[in-house]
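> One structure, pasted below without further comment.
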Amino acid sequence: MMRISLFLLTNLAVMVVFGIVLSLTGIQSSSAAGLMIMAGLFGFGGAFVSLLMSKSMALRSVGGEVIEQPRNETERWLLNTVRQQAQQANITMPQVALYHAPDINAFATGARRDASLVAVSTGLLQNMNRDEAEAVIAHEISHIANGDMVTMTLIQGVVNTFVIFISRILAQLAAGFMSSGRDEGESGNGNPLVYFAVSMVLELVFGVLASIITLWFSRHREFHADAGSARLVGREKMIAALQRLKTSYEPQEASSMMAFCINGRNKTFSELFMSHPPLDKRIEALRSGAYLQ
């Protein structure tokens, strides 16, 4: 319910902004409606295709292998731990995958709660004790139980639509202003080269600004997943796991995977562009119980 409410409120806000832009620019609502439909198709289409293909894309990205039958005691423990925590969280048992990487990391993905995937790096199993590993797995199970992948897709779709629509509207105005020799009543986008160039530049600029919104949500959901892990296995285990992450190698996963991993890159010039909060902030949030209410 919270996810749907957030989606509806975000769409309402976007529609209000669209209305203001149309009023200020004087663009006909009929042409704007067509553009809005096109922007929505592209904006949500790309986001939902990525969601539907997320498991296969993620496995291919890290070279992961789904564990069908455990080959050793460690894989058996991993499957049993995921199964037990999935039952606690009241979700269907996810597929479990293992991938080779020196860093301590894990991620969850999938289009639905009952068709999800939890993947763990070999570095995690080699460098964490069982309590710490349990906490990391519980963190990923919490992402699935919270529906974070779907919510992220909805937000990304709205943001994509907003970026495409506003960029094309402003590009149309710029092209019309810079074109010469047009009749006063002539319709169209003006100079096509100007329209294309301006729209591409604006999509890039607005895309960077829009990423601040999606990355804020990504950081926000990490706090809640940490809290979910604390509820499943205990606060001290999750704190110990986060402290262990401080000693990890810099994550090796592709940039497109960072939002789904427990351990994100911290080498950015601003926290605004981080997919994960700093580890110290996550530990402090657990100790204060800010997200455990």
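Note that Cβ sites are derived from N, Cα and C of the backbone, with glycine treated the same way.
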> Which of E65, E222, E236, E271 does Swiss-Prot put in the same Zn(2+) site as H139, H143?
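My reading of Swiss-Prot gives E222 as the candidate in that site.
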> At a 10 A cut-off on CB-CB distances, which of the recorded positions E140, E222 has the highest count?
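Going through E140, E222 one by one, the largest Cβ count within 10 Å is at E140.
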> Mind giving me a neighbour count for H139 (Zn(2+) binding site)? Other Cβ atoms within 10 Å of its Cβ, every protein chain shown.
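Around H139 (Zn(2+) binding site), other Cβ atoms within 10 Å: 28.
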> What same-chain residues lie close to the transmembrane segment (193-213): Cβ under 8 Å, and 6 or more beyond its ends?
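Non-local partners: 155, 159-160, 162-164, 166-168, 170-172, 174-175, 178-179, 272-273.
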> May I ask you to report the DSSP-based helix, strand or coil state of H143 (Zn(2+) binding site)?
helix
